[in-house]
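TrEMBL annotations:
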- 24-41: transmembrane segment (TRANSMEM)
- 61-77: transmembrane segment (TRANSMEM)
- 113-135: transmembrane segment (TRANSMEM)
- 156-175: transmembrane segment (TRANSMEM)
- 187-207: transmembrane segment (TRANSMEM)
- 243-264: transmembrane segment (TRANSMEM)
- 284-301: transmembrane segment (TRANSMEM)
- 308-328: transmembrane segment (TRANSMEM)
- 340-367: transmembrane segment (TRANSMEM)
């Protein structure tokens, strides 16, 4: 309901509307600056920190920590407020990158554990803040809520996805002279990335603090420890009693699996044999570019459950084609085709990732209006758990076995998603009668 304009003398004074789009621009740009650095470093972990598999193990520990801390992240975000959670969350990425300047078990493991906590609150805070901003914008300007949520998610994920493109190009430029294994080359790269992260953190401070009903209330200091535990258990367990959440969890888990497949398997077993280690950055740049373009396009096409169903169906179909191609028909070849095939696959996988990122965020924002923190915490719990599984299994499982797992997970998750959309459409139809 619109606020009444106050009377000044005999005239109505119109209250100026807030520019909510400004906050989306700031949030998207800040995440880009932070994650262009982190994403590129994550891609290099298994290449640079090879002693005793320090890099891969650190990432596995990170995502296990991410999974467990995501269970309490919704309560932390409620207590801090989404803006403060976003600012605090950036510190974990900064420390993890700083630990890479002196990589050892004593620096990387603690940094990975802390980053798991920081990542859990920054992502729950991001989902809560972005959805709350979209709702406020739709209410103030009398726009369709689902359309605004889709548009804002499209802008965020489009700009965010470009971090793979920009970050990998920076890595390629700074390490292209053969300094990949040298201390001076990697040190310069990390210093540049630390500066980028610092700028992202500073930019995050300019976000508007949200105070509307979609945002968390500050906790009362007199609330007992028992009440806090009860509140935490409700935020973690209650969503699991919602049939809609149970039906969307398989798709959430699959979205994590397909990301980890690209990071851990696709780059190692497809890109490196065809293009060499130096080609990983280029392939991931293509992946990020198409991820960004698709995120922008999918966000603008999103208006509600029907459009989400169509877009997700398209993303699932094209990723299934890539998995079947790799499983049944792909062979390593030389020449132009040998170069083009991995890049084409990277582009298709990037399109699929753009679809799942935008549509899952929009779907949760539409379905779980009254517990956004809890819904986005579930998103990160299941995503990070599936990513951790892939990182730990990667050294012990063949590419063909992984592809069979990916296809099975895609079929199961898509079936659950279709059942969910039928249930949601039926509920919308009955409520409109």
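First residue shown is number 1, and so on along the chain.
Using N, Cα and C of the backbone, Cβ positions are placed for all residues, glycine too.
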- Contacting positions for the transmembrane segment (308-328) when only residues 6+ beyond its ends and CB under 8 Å are counted: 251, 258, 270, 298, 301-302, 345, 348-349, 351-352, 354-356, 358-359, 362-363, 399-400, 403-404, 406-407, 410, 414, 417-418, 421
- Message: Counting only residues 6 or more past its boundaries, what in the same chain has a CB within less than 8 Å of a CB in the transmembrane segment (284-301)?
- Response: 39, 43, 150-169, 172, 262, 267, 307, 311, 343, 346-351, 353-355, 357-359, 362
- Task: For the transmembrane segment (156-175), name the stretch out of 24-41, 113-135, 187-207, 243-264, 340-367 with the most CB-CB pairs under 8 Å.
- Result: 24-41
- Top stretch among 113-135, 187-207, 243-264, 340-367 for CB pairs under 8 A with the transmembrane segment (24-41)? 187-207
- Winner by Cβ pairs under 8 Å against the transmembrane segment (113-135), considering only 187-207, 243-264, 340-367: 340-367
- Chain residues outside the transmembrane segment (243-264) and at least six past its termini with a C-beta under 8 angstroms from it: 42-43, 46, 56, 287, 312, 319, 346, 349, 352-353, 356-357, 360, 363-364, 367-368, 375, 378-379, 382-387, 389-391, 394, 402, 405-406, 409-410, 412-414, 416-417, 419-420, 423-424
- Item | Outside the transmembrane segment (340-367), six or more residues from its ends: residues with CB under 8 Å to it | 127, 130-131, 134, 145-146, 149-150, 153-154, 157-158, 160-161, 164, 244, 248, 251-252, 254-255, 258-259, 262, 266, 270-271, 274-275, 279, 282-284, 286-295, 297-299, 302, 304-305, 308, 311-312, 314-316, 318-319, 321-322, 325-326, 330, 333, 375-376, 379, 424
